[in-house]
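Marked as region 'Formiminotransferase N-subdomain' by Swiss-Prot: 1-181. The active site, for formimidoyltransferase activity annotation in Swiss-Prot covers H82. The feature folate binding site is assigned by Swiss-Prot to G163, P164, A165, K166, F167, I168, P169, S170, Y171, G172. Residues or ranges marked as region 'Formiminotransferase C-subdomain' by Swiss-Prot: 182-326. According to Swiss-Prot, the feature region 'Linker' maps to 327-335. What Swiss-Prot lists as region 'Cyclodeaminase/cyclohydrolase' is 336-537, and the listing cites similarity to another entry. Residues or ranges marked as active site, for cyclodeaminase activity by Swiss-Prot: D413.
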Amino acid sequence: MNKLVECVPNFSEGRDQTIIDAISKAIRDTAGCTLLDVDPGKSTNRTVYTFVGCPDSIVNGAINATKVAFKLIDMTKHHGEHPRMGALDVCPFVPVRNVTMEECVNCSKEFGKRISEEIGVPIFLYEEASTQSYRKQLKQIRQGEYEGLEEKLKEEKWKPDFGPAKFIPSYGASVTGARSFLIAYNVNILGTKEQAHRIALNVREAGRGDNEPGRLKFLKGIGWFVDEYNLAQVSMNLDNYRETGVHTVFEECSKDARELNLGVAGSEIVGLVPLEAILMAADYYIAKENLFIIDEALKVRLAIERLGLSSCSFFDPKKRIIDYMVQEDLKVTQPLASMSVRGFVELLGSRTPAPGGGSASALIAAMGAGLGAMTGWMTFGKKKFEALDSIMRELLPPLDKAMRDLIPYIDADTNAFNDYIKAMGTPKGPQRDIAIDKALKQAINIPLSTMKISNTCWGPLLKMAQYGNLASKSDLEVGCKSLETGIWGAHRNVSINLLDCKDAQFVESTTKEANEILKNAQESLQKVLEILSNRKE
């Protein structure tokens with residue numbers, strides 16, 4: 001799946017719908033950005049936007065929105081209940097999927113540098129992007145707000161990270177940085193506000209004070225009573241769900257509730273949640289209850305049920321899980337893998353250089369892993385092979401994962417070839433040489449990745465050959481031969497492209513790695529076939 005970053009800019013306008021809509025349009029019109037939510041507040045005179053995209057697109061979206069704010073918002077006339085210091089007050093970048101915090105820090109720095117250069121405004125870094133302790137938190141930087149900014153900018157220690165140390169009355173200054181995804185999460189308690197707050201004091205990081213900290217890191221919380229639901233809630237913010245997961249919070253609150261002889265009536269997530277957080281919860285309950293669930297949709301369903309996420313209102317994964325709200329159109333991102341079998345085969349046989357052997361090898365390897373998984377499924381859950389269930393639980397996940405991981409390489413190989421041809425067509429010069437080298441190495445690394453992923457299957461396949469349902473013997477044989485053929489085909493692509501590579505060290509290390517994988521595949525195939533040949537009912 002592609003990289004996904006969330007951006008949550010707060011603009012100092014919550015009353016003028018024309019301006020609010022203009023900023024929304026700037027985000028929507030940015031290629032690669034998906035606007036998920038617009039939340040204006042009249043009393044705060046502030047609007048919070050939530051949009052997502054890949055790292056490059058997300059920065060462009062933030063820049064386009066800020067340019068509109070620079071033109072339309074006049075801070076000399078701004079009044080509202082919320083603290084602020086600029087037309088764009090704060091612009092955090094948040095990792096959602098396949099993105100590191102470091103990449104989000106880079107997004108914030110690129111945004112700060114580019115916007116300060118393009119419209120000439122002061123930009124401060126905060127949270128993970130800041131390296132100075134006295135100006136790391138938003139409240140530290142924003143102290144004094146817009147009204148105190150002119151004098152603040154005169155101090156050397158408050159020199160902006162980007163842009164001029166100059167007060168711009170109509171704009172002010174902005175803060176940008178990177179932070180973890182914040183999850184607003186409430187656990188429902190059949191009790192009083194005071195009892196819910198007692199639980200909150202037990203679990204939140206701050207606890208009851210410095211001398212009595214709570215049990216869970218990166219957690220803020222209070223207790224309150226919700227008349228609409230007729231129950232109390234432990235209302236919390238998870239500042240880092242990777243360190244303290246939703247399931248951990250639910251279990252800890254439930255434990256304290258039991259000790260107080262209180263009932264727990266599920267929980268609710270307010271706003272959006274990353275898929276990863278839900279899958280982490282599912283994996284926890286799968287391990288706790290010794291379940292065997294591979295399918296993602298079933299994992300999501302399990303987490304919803306165990307956490308009671310639909311207890312207050314229906315939890316619709318398609319509308320509440322951020323990854324599903326920006327579901328990639330596979331016909332666009334993976335056109336080859338989305339074709340019919342007939343269509344793909346006919347395209348292979350057409351008068352075009354791509355798709356070719358590399359894409360075919362990825363498909364053949366994926367089918368090989370798939371047939372290995374099929375053998376496992378034809379064994380697992382059957383009364384006749386009940387004694388083998390624990391073994392199938394071990395073997396099925398890596399084969400299923402390899403099958404799914406290989407499918408995108410059908411398109412990736414063709415894309416890499418096309419990028420190389422494009423680089424070859426650029427005008428001669430140093431930039432052309434750099435572009436060709438980069439594209440060529442990508443055209444080598446893609447089939448090498450096909451080999452690496454495929455190579456992870458041999459251990460499970462050797463064991464599957466020993467224990468799998470013999471009624472699927474021929475399926476497993478075809479699968480293993482397909483996997484070996486896919487590896488061989490990818491090896492041929494690696495080898496042919498290495499001939500044009502001028503980086504001797506890269507050629508040597510890649511050749512060695514590819515040859516080792518091919519040798520292992522050929523030897524492993526023979527072992528599997530021998531095991532199957534010798535097995536009897």
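Glycine is no exception: its Cβ is also placed from the backbone N, Cα and C atoms.
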The residue listed as 'active site, for cyclodeaminase activity' and F167 (folate binding site), distance between Cα atoms, whole Å:
51
Run through the Cβ atoms and count how many others sit within 10 Å of the one on G163 (folate binding site).
21
On the 0 to 100 scale, where does the mean pLDDT of the region 'Linker' (327-335) fall?
72
Listed in sequence order, residues with CB under 8 A of D413 (active site, for cyclodeaminase activity) and six or more positions away:
P355, G356, G358, S359, S361, A362, I446, P447, T450, N493
Could you say which of the binding-site residues A165, Y171 has its Cβ with the most other Cβ atoms inside 10 Å?
Y171
My understanding is the cutoff is Cβ-Cβ under 8 Å with a sequence separation of 6 or more in the same chain; which residues meet that for P169 (folate binding site)?
M75, T76
Do me a favour and check the Cα-Cα span between A165 (folate binding site) and H82 (active site, for formimidoyltransferase activity); whole Å is fine.
24
Cα distance (Å, whole number) from H82 (active site, for formimidoyltransferase activity) to Y171 (folate binding site):
16
Would you mind pulling the DSSP three-state label for F167 (folate binding site)?
coil
Rounded inter-Cα distance in Å - H82 (active site, for formimidoyltransferase activity), G163 (folate binding site):
25
Could you find out if DSSP has H82 (active site, for formimidoyltransferase activity) as helix, strand or coil?
coil
Would you mind splitting the region 'Formiminotransferase C-subdomain' (182-326) into helix, strand and coil residue counts from DSSP?
59 helix, 34 strand, 52 coil
